[in-house]
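Asks: Quick one: the structure is below, and I'll ask about it shortly.
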Amino acid sequence: MTETRSGMTACLTSQTGSERRAGAPDKTLTAPRPRVHSSPVRAAPEGFARGSGKHGPMELDSIEDAIAAIAAGELVVVVDDTDRENEGDLIMAASKATPEKLAFMIRHTSGIICAPMTADRADELNLAPMVANNRDPMRTAFTVTVDYKIGLTTGISAEERANTVRALASDNATGSDFLRPGHIFPLIAREGGVLTRSGHTEAGCDLAALAGLPAVGVLAEIVNDDGTVKRMGELIPFAREHGLKIVSIEDLIDFRSRRETFVKRVDSFERRINGLDATVSIYETPFEQTQHVAITVGDVKSDRATPCRIHREHLLSDLLRGAATSKGWLDNALARFGETRRGVFVLIRDPAVLRDAADVGGAVADGSEEKHQSARQRRARWREIGVGAQILRDLGVRKIALLAGHERQFVGIAGFGIAIEKTEIVEGESGTEQ
């Protein structure tokens with residue numbers, strides 16, 4: 001699975017039944033006018049939720065198919081990125097675990113069976129973190145290992161491990177129903193699931209919840225017979241051979257972003273900005289300690305394409321660039337709004353941006369943020385497309401004329417009911433990436 005498990009095998013105990021004791025359960029300045037020209041928008045590729053990332057649409061299954069398989073108690077192969085750990089996990093819902101499914105998992109994986117769950121569930125079961133200072137590079141949140149008491153002998157068999165993971169998902173089980181240490185490795189998923197951390201832990205919980213089941217999963221990392229980790233080129237044939245659905249965490253992120261509403265307008269007020277009467281709206285998401293800002297001018301709900309700027313914050317760059325010149329991204333957008341008497345500007349903020357800038361030498365410790373490149377790119381993409389599109393949707397914007405310094409593609413934004421009618425290139429804009 002995505003999360004590193006080095007050193008975990010040693011935690012598997014070899015106690016015999018006589019060494020265990022079974023027990024009963026206790027129950028969001030004036031500027032010169034920018035020069036713009038338009039170019040027709042490029043159509044976004046189809047299949048946003050299926051193979052929309054680096055994997056082709058014919059290789060991976062749809063998230064809908066995976067959810068149906070999870071609901072039916074089947075195993076699903078879930079893959080991540082090549083620069084994360086480039087591996088796949090077998091995942092199923094804990095409440096549907098059977099000895100046969102666990103035996104298959106044990107046979108084709110590392111044998112380390114994990115049970116991802118929400119922090120609330122872990123608290124209910126009194127599952128403390130395995131270590132006080134988590135140094136795992138992928139920030140995998142292991143708790144103490146457990147075995148379910150009822151019917152326990154050694155705890156290592158497929159049947160007993162199936163009993164344990166089912167109990168972890170059961171409302172009838174309490175913390176006292178489990179012995180510690182044990183043979184199952186509970187994991188605590190980040191609030192917000194794959195929208196906040198692109199790990200198999202979060203994917204396991206999300207898939208179970210999307211299937212209408214308790215948000216507790218079962219997962220293990222798929223390996224070859226020689227113990228080496230299976231990579232993408234091996235995972236697809238493996239899934240096809242065994243009749244399993246195979247999906248990516250990236251597609252799961254896209255699926256959730258398009259179907260769920262997670263932005264909330266928490267404040268809105270009128271302001272006169274650069275000679276324009278504008279409305280400033282402040283948005284939050286339930287799982288980030290940051291606020292995003294939208295500035296609207298005129299009627300943005302019209303059937304005509306509304307000039308729109310979606311700007312991803314880069315605090316240091318924006319500040320330095322603004323100090324060096326009299327024009328910038330906000331000034332240019334507002335100047336365009338002044339010409340058309342309408343427009344919307346969305347500022348997407350990322351609390352990790354300043355941390356990343358400060359953490360040049362890795363000195364800034366953050367126990368929850370993934371640092372690998374694909375996680376950063378995905379985080380930026382999710383904020384622009386997921387958060388940005390949901391803000392536009394809340395404002396009633398349906399058609400936009402995208403303002404940008406160069407051609408940009410927001411693949412998948414159509415899934416939010418928003419059409420990019422054209423792109424207007426703003427010339428002479430400071431900065432390169434936007």
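Placement of Cβ uses the backbone N, Cα and C atoms for every residue, glycine included.
In TrEMBL, annotation is done automatically, which means it is predicted and not curated.
What TrEMBL lists as D-ribulose 5-phosphate binding site is Arg84, Glu85, Asp89, Arg197, Ser198, Gly199, His200, Thr201. What TrEMBL records for Glu85 is Mg(2+) 1 binding site. Among the features that TrEMBL reports, Mg(2+) 2 binding site is placed at Glu85, His200. According to TrEMBL, the compositional bias 'Polar residues' annotation covers 1-17. What TrEMBL records for 278-422 is domain 'GTP cyclohydrolase II'. Feature annotation from TrEMBL assigns region 'Disordered' to 1-55. Under the heading site 'Essential for catalytic activity', TrEMBL lists His183, Glu221.
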Asks: How far is it from Thr201 (D-ribulose 5-phosphate binding site) to Glu221 (site 'Essential for catalytic activity'), counting Cα to Cα, in Å?
Replies: 11
Asks: Does DSSP put His200 (D-ribulose 5-phosphate binding site) in a helix, in a strand, or in coil?
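Replies: Where His200 (D-ribulose 5-phosphate binding site) sits, the three-state DSSP reduction gives helix.
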Asks: Any idea which of the recorded positions Asp89, Glu221 has the thinnest Cβ neighbourhood at 10 Å?
Replies: Glu221
Asks: In whole Å, note down how far the CA of His200 (D-ribulose 5-phosphate binding site) lies from the CA of Glu221 (site 'Essential for catalytic activity').
Replies: 10
Asks: Within 10 Å of the Cβ of Gly199 (D-ribulose 5-phosphate binding site), how many other Cβ atoms are there?
Replies: 29
Asks: Have a look around Thr201 (D-ribulose 5-phosphate binding site) and count the other CB atoms within 10 A of its CB, chains all included.
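Replies: Total other Cβ atoms inside 10 Å, all chains included: 29.
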